[in-house]
Amino acid sequence: MLTWPAPQIPELPGRGDVVRVHDSSTGRLVVAAEGPSASLYVCGITPYDATHIGHAATYVAFDLLGRAWRDAGQQVTYASNVTDVDDPLLERATATGVEWQDLAVEQTALFAEDMTALGVVPPDVYLGAVETIPPVAAAVEELVAAGAAYRVPLEEGAGGDAPALGDVYADVTADSAFGQVSRMDEATMLELFAERGGDPGRAGKRNALDPLLWRRERPGEPAWEAGSLGTGRPGWHIECAVIARAGLGLPFDVQGGGSDLLFPHHEMSTSHARLIGDGDVHGVGAATHVHAGLVGYQGEKMSKSRGNLVFVSRLRAEGVEPMAIRLALLAHHYRSDWEWTDASLTEGVARFETWRSAVSGNGGPDADATLAEVRAALADDLDAPRALAAVDRWAELSLAGTEKPVEGAPGVVSRAVNALLGVRL
């Protein structure tokens with residue numbers, strides 16, 4: 001799958017600090033990646049209703065992580081996916097009378113346009129669910145052979161030419177570490193599993209929390225040949241485990257996404273990753289799990305199911321400067337839940353115009369301290385609001401003209417804002 005064009009990242013003097021992030025599993029700040037390299041997997045979109053502000057906030061947040069790593073001198077490998085076949089996509093295609101493939105292509109392209117406009121660095125490895133069906137099917141077969149997965153009988157009419165081959169589910173009891181990512185009690189897991197695409201009440205399952213690995217063919221649904229599994233398509237969680245393994249290897253440094261992915265998605269995909277290693281060596285998935293807060297609108301979480309969405313593409317079509325949108329997102333710490341309002345965007349536009357005016361001259365206040373403050377803020381759990389405040393102070397002094405101007409300082413600030421915050425002035 002093709003990504004979008006990569007923005008140019010200016011060179012800055014010196015090096016950034018070691019980046020620490022909040023690990024959702026432990027609740028502690030930890031070094032995001034040790035050593036000269038860093039690896040990141042961010043769960044991608046299901047391509048319908050792209051790209052809303054909640055999506056954008058997540059991808060901008062993890063774009064900051066990649067930028068901070070690069071500034072610290074680390075070689076970054078970033079992988080992501082597109083879930084281009086899944087129940088919600090199929091349901092939307094049916095409801096709107098379009099082919100699901102056409103909807104996926106259209107929305108994936110729109111997402112790429114929005115990410116380009118927002119200055120998000122694209123993944124190095126970018127794979128769709130459809131193009132990775134062969135390795136996903138092989139991983140599911142591996143789990144079945146190891147006794148970590150089992151079949152559940154189908155309802156009448158399902159299964160195509162081989163109805164005796166049931167759906168395949170992972171047995172969560174095969175993973176002794178299951179639950180260590182989210183650290184939730186079983187009652188909470190069951191509640192969230194039911195809310196977020198799971199099927200705890202499915203007859204024939206060994207455990208209510210067992211997740212789907214391979215869904216057999218149903219009438220009117222797309223399906224692919226998969227050897228001993230029978231025709232069908234993959235479950236959601238196993239896709240990410242396999243794509244992360246293919247793109248980054250196991251283990252990798254950080255798995256990121258919205259906080260609503262902590263359970264079941266990241267718990268399940270990490271569990272699968274533990275069990276699909278080669279031979280006796282089992283991967284542990286991500287060393288650190290990092291989650292972005294949720295964005296609300298009109299008093300509720302912004303979500304596709306509620307339909308209360310604000311789209312990046314519509315804002316762009318209305319003539320809103322994409323960098324102002326990015327600044328509106330960066331005004332909130334990535335882990336916080338917050339509400340999108342018209343005032344959020346107004347503040348982003350005003351900040352963008354102020355910064356652009358402040359860097360327009362040949363001289364300005366010394367930039368060294370500002371660069372150091374921005375670097376320190378990002379190294380401290382990607383504290384974008386603190387970084388923005390540092391640039392605000394420099395801009396205020398620059399526009400006031402009360403300090404002796406330092407030649408070249410505006411250029412340093414402009415390059416720093418671009419390289420570290422992803423804001424082109």
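Numbering starts at 1 and runs along the chain as displayed.
Every residue, even glycine, has its Cβ placed from backbone N, Cα and C.
The following features are taken from Swiss-Prot:
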BINDING   CYS43, CYS240, HIS265  Zn(2+) binding site
BINDING   CYS43, GLY44, ILE45, THR46, THR58, ASN81, VAL82, THR83, TRP236, GLY258, SER259, ASP260, VAL295  L-cysteinyl-5'-AMP binding site
MOTIF     45-55  motif ''HIGH' region'
MOTIF     195-200  motif ''ERGGDP' region'
MOTIF     301-305  motif ''KMSKS' region'
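Everything Swiss-Prot records as a feature, shown here on the structure.
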{"residue": "CYS43", "record": "Zn(2+) binding site", "contacts (Cβ under 8 Å, 6+ apart)": "SER80, ASN81, CYS240, GLN255, GLY256, GLY257, LEU261, HIS265, HIS266"}
{"residue": "ILE45", "record": "L-cysteinyl-5'-AMP binding site", "contacts (Cβ under 8 Å, 6+ apart)": "THR51, HIS55, VAL82, THR83, GLN107, THR108, PHE111"}
{"residue": "THR58", "record": "L-cysteinyl-5'-AMP binding site", "contacts (Cβ under 8 Å, 6+ apart)": "VAL42, GLY256, GLY257, GLY258, ALA292"}
{"residue": "TRP236", "record": "L-cysteinyl-5'-AMP binding site", "contacts (Cβ under 8 Å, 6+ apart)": "THR83, ASP86, GLY197, LEU212, HIS265"}
{"residue": "SER259", "record": "L-cysteinyl-5'-AMP binding site", "contacts (Cβ under 8 Å, 6+ apart)": "SER24, HIS291, ALA292, GLY293, LEU294, ARG335, ASP337"}
{"residue": "VAL295", "record": "L-cysteinyl-5'-AMP binding site", "contacts (Cβ under 8 Å, 6+ apart)": "ILE53, GLY54, ALA57, LYS301, MET302, ASP337, TRP338, GLU339, TRP340"}
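With the fewest other Cβ atoms inside 10 Å of its Cβ, the least crowded of the binding-site residues CYS240, HIS265 in this structure is HIS265.
Within the same chain, residues 82-84, 86, 88-89, 92-93, 103-108, 110-111, 114-115, 258, 294-295, 297, 301-304, 309-313, 329, 340 sit at least 6 positions outside the motif ''HIGH' region' (45-55) and bring their C-beta atoms closer than 8 Å to a C-beta of that stretch.
Long-range contacts of the motif ''ERGGDP' region' (195-200) within its own chain (CB-CB distance under 8 A, at least 6 residues past either end) are made by residues 87, 208-209, 211-212, 236, 260, 263-265.
Here the motif ''HIGH' region' (45-55) has a mean pLDDT of 92 out of 100. In the three-state DSSP classification, CYS240 (Zn(2+) binding site) falls within a helix.
For VAL82 (L-cysteinyl-5'-AMP binding site), the count of additional Cβ atoms within 10 Å of its Cβ stands at 24 [all protein chains shown]. Taken through DSSP, the motif ''ERGGDP' region' (195-200) splits into 1 helix, 0 strand, 5 coil.
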